[in-house]
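To start, the structure itself, in structure tokens.
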Amino acid sequence: RIVAASAGLALLLALVAPLLAQFFGDPALTWPLRGIALSVVIQSFSVVPLSLLKRRLEFRTVQIAQVASYVTGFVLVGIGLALAGAGVWSLIGALGAQYLMEAVLLYRAAPHTLRPLLVAEGRALQSFAGRVLLTNLSNWVSENLDNLLVGRLLGVQALGFYSVSYNLMRTPANHMVVTLQQVLFSASARVQDDAAALGRAYLLALNLVLLVSLPTFIAAGVLSETVVVALYGQKWLAAIPLLLPLALAMPVHAAMAIAGPILWGCGMVGKELKVQFWIALLLIGAIFVSARFSLEVLAWSVFGVYLVRAVWITSVLLRVLDVPAHAALAPLRGTLPFSLAVAATLFAADHGLRMLGILAQLRLAFALTLGAALALGGGLLCIRFLVGPDLARVLLRYTNQETGSLPRWFKRYLNEQLT
């Protein structure tokens, strides 16, 4: 059924490709879009083995398959086709090769019957799958429609500035939470009747996500000028004011992203669907209104919508798990002041280097080095204020189990600070 549904979707994409190309104002996109449609079918063969591996919590196997397939597709095939002069088809070929390699590797790790199953079975499972599909569609709208509408309302140049800023922040945020999402979904599905255990797991994950994301993205936001100029050059100066609101949206997004998988694991996809549906409508309205002012106002409106979504979904999950709101807010008491202090230090250092005429690339390298030192050194000094009880228990268990890889003074220090 998955392959059949994907084939139907691919056929639909192939049929509407001319309309999509016309929407973007480039008729030449018609056949590349039809080429992408084939990748939809290829990717469908990965769905079942990927789900089996996630259910067995074999995330290492999944990561190896995904990295190997990406390297095969975009490094070997993609670059090879580009050097051969394939143009845009090099990207399409790379995508198809990636999905094909991923399907082969995942199926080898989790083989299953390939016999078509077209009989209607498991109405409860079908209902769950339907809600998951609608939730994912609403979530996709919330996270991608801004790029589409920016290009339509403000033009291609504005879309370039916005998409570069957005992707620069969103890519590391996604890498930060994707694996954690998979673990939380699989684990919560196994212990969905133990609300107390789920509550502890959620608070631990929330503490960890905020501890990593807040200092990272607040610092990136306050160093927006250095980041943009160092990575993209003077031609992208218009992207600088967009980076701060979009950077601030990423910790909010990360906090939201770990709540959804727990609701799914508890079989409560409908609760997230309700939130994502209304948030998608709110985002559409916010973009249409803010686009009348400026691209910077639009970026701040996206941050506001992300904040509303995170608060809403988090409050829903807290009620489901019977976790008090102050427990979810507790990690902010330490991580937020710590993050602001790190960001202020980096901003002051960057400002001083800029006054001395230091190149943006060198300033960025210095900021990364100083930021890592502040995060590690300051984090260890302030660890009792940054780590909640659930995360502290995990850290202590890990350090006490490690016999040779950690120095004794480090173990002793952690035990003194966290007990």
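Each residue, glycine too, has its Cβ placed from N, Cα and C.
Just so you know, TrEMBL annotations are computer predictions that nobody has curated.
What TrEMBL says about this one:
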type: TRANSMEM; residues: 31-52; note: transmembrane segment
type: TRANSMEM; residues: 201-224; note: transmembrane segment
type: TRANSMEM; residues: 236-263; note: transmembrane segment
type: TRANSMEM; residues: 275-291; note: transmembrane segment
type: TRANSMEM; residues: 297-318; note: transmembrane segment
type: TRANSMEM; residues: 330-349; note: transmembrane segment
type: TRANSMEM; residues: 364-387; note: transmembrane segment
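Counted as Cβ pairs under 8 Å, contacts with the transmembrane segment (330-349) are highest for 201-224 among 201-224, 236-263, 275-291, 297-318. Just going by CB pairs under 8 A, the stretch in 201-224, 236-263, 275-291, 297-318 that sits most against the transmembrane segment (364-387) is 201-224. Listed by sequence, the residues of this chain that lie at least six past the ends of the transmembrane segment (297-318) yet keep a Cβ under 8 A from its Cβ atoms are 142, 146, 150, 154, 162, 165, 202, 241-242, 245-246, 248-249, 252-253, 255-256, 259-260, 262-263, 271-272, 275-276, 279, 282-283, 286-287, 289-291, 324-325, 328.
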